[in-house]
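Below is one structure, written out as structure tokens, with a few remarks after it.
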Amino acid sequence: MKNIAILASGSGSNAEKIISHFQGSTKARIALIASNKKGAYVLERAKKLNVPSHVFSKAELESGEFTEVLRDQKIDFVVLAGFLLQIPGNLIQAFPDLMVNIHPALLPNYGGKGMYGDNVHRAVKAAGDTETGITIHLVNENYDEGKIIFQTAVAVGENDSPEQIAEKVHVLEHKYYPKIIESLI
Ligand code: GRF
């Protein structure tokens, strides 16, 4: 049985789907939900779903203290699901090729600094793109540049608002992220 930790800073709808996906699995379980935001809704979801949670600071992430927490909890695989801090080298080195992220666009488009959440969907809209999608990739020290594991696209209508684009992307995320994680562990 592999222990998965999910790191999230926000709502955690992906985290919830991943937890449900692995409920009853003999392969892996979500052993921990960790967040750098005390009030993040993902922590409510963890509570409701009986998954242990942990809040940590940016300083603890950077010093390696948080990596020690993951080691103590015997975490085998790390999933980023809307986690907004840059991952430091100490954490990447502790989980080589064992950490995955989801980006709400078709990388390498709309990646890098500042490209998160609604900024991405607004940029897609502003460019007049006719499609967007999701990218699931391994995490390395350069944001959004790790090896791409999976991408899939969805059409963007001329009149779609950034909110509507976000909704379409979320549908893809919820459908594919749990399955791709399962294929990686
Ligand atoms: C997702 O769109 C994901 O691609 C991005 O952050 C968002 C998190 O959404 N990295 P949620 O908190 O899982 O609802």
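Every residue, even glycine, has its Cβ placed from backbone N, Cα and C.
Annotated features, as they stand in TrEMBL:
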DOMAIN    2-180  domain 'Formyl transferase N-terminal'
BINDING   Gly12, Ser13, Asn14  N(1)-(5-phospho-beta-D-ribosyl)glycinamide binding site
BINDING   Lys58, Asn101  (6R)-10-formyltetrahydrofolate binding site
ACT_SITE  His103  active site, proton donor
SITE      Asp144  site 'Raises pKa of active site His'
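Structure coloured by features recorded in TrEMBL.
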residue	record	Cβ neighbours (10 Å)
Gly12	N(1)-(5-phospho-beta-D-ribosyl)glycinamide binding site	24
Ser13	N(1)-(5-phospho-beta-D-ribosyl)glycinamide binding site	17
Asn14	N(1)-(5-phospho-beta-D-ribosyl)glycinamide binding site	23
Lys58	(6R)-10-formyltetrahydrofolate binding site	12
Asn101	(6R)-10-formyltetrahydrofolate binding site	24
His103	active site, proton donor	25
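Residues from the binding-site residues list (Gly12, Ser13, Asn14, Lys58, Asn101) with a C-beta closer than 6 Å to any atom of ligand 1: Gly12, Ser13, Asn14. Taken residue by residue with DSSP, Lys58 ((6R)-10-formyltetrahydrofolate binding site) is part of a helix. Per-residue pLDDT, averaged across the domain 'Formyl transferase N-terminal' (2-180), gives 95. You'll find the Cα of Gly12 (N(1)-(5-phospho-beta-D-ribosyl)glycinamide binding site) roughly 19 Å from the Cα of Lys58 ((6R)-10-formyltetrahydrofolate binding site).
A coil conformation is recorded for Gly12 (N(1)-(5-phospho-beta-D-ribosyl)glycinamide binding site) in the three-state DSSP classification, outside any helix or strand. Across the structure, Lys58 ((6R)-10-formyltetrahydrofolate binding site) and Asn14 (N(1)-(5-phospho-beta-D-ribosyl)glycinamide binding site) place their CA atoms 22 angstrom apart.
Same-chain residues that are not part of Gly12, Ser13, Asn14 yet have a Cβ within 8 Å of the Cβ center of the N(1)-(5-phospho-beta-D-ribosyl)glycinamide site turn out to be Ala8, Gly10, Ser11, Ala15, Glu16, Lys17, Ile18, Val42, Arg45, Ala81, Gly82, His174. Counting in whole angstrom, Ser13 (N(1)-(5-phospho-beta-D-ribosyl)glycinamide binding site) lies 14 from Asn101 ((6R)-10-formyltetrahydrofolate binding site) by their C-alpha atoms. Look at His103 (active site, proton donor): DSSP puts it in a strand. A straight line from the CA of His103 (active site, proton donor) to the CA of Asn14 (N(1)-(5-phospho-beta-D-ribosyl)glycinamide binding site) spans 12 Å. Between the alpha carbons (Cα) of Asn14 (N(1)-(5-phospho-beta-D-ribosyl)glycinamide binding site) and Asn101 ((6R)-10-formyltetrahydrofolate binding site) lies a span of roughly 11 Å.
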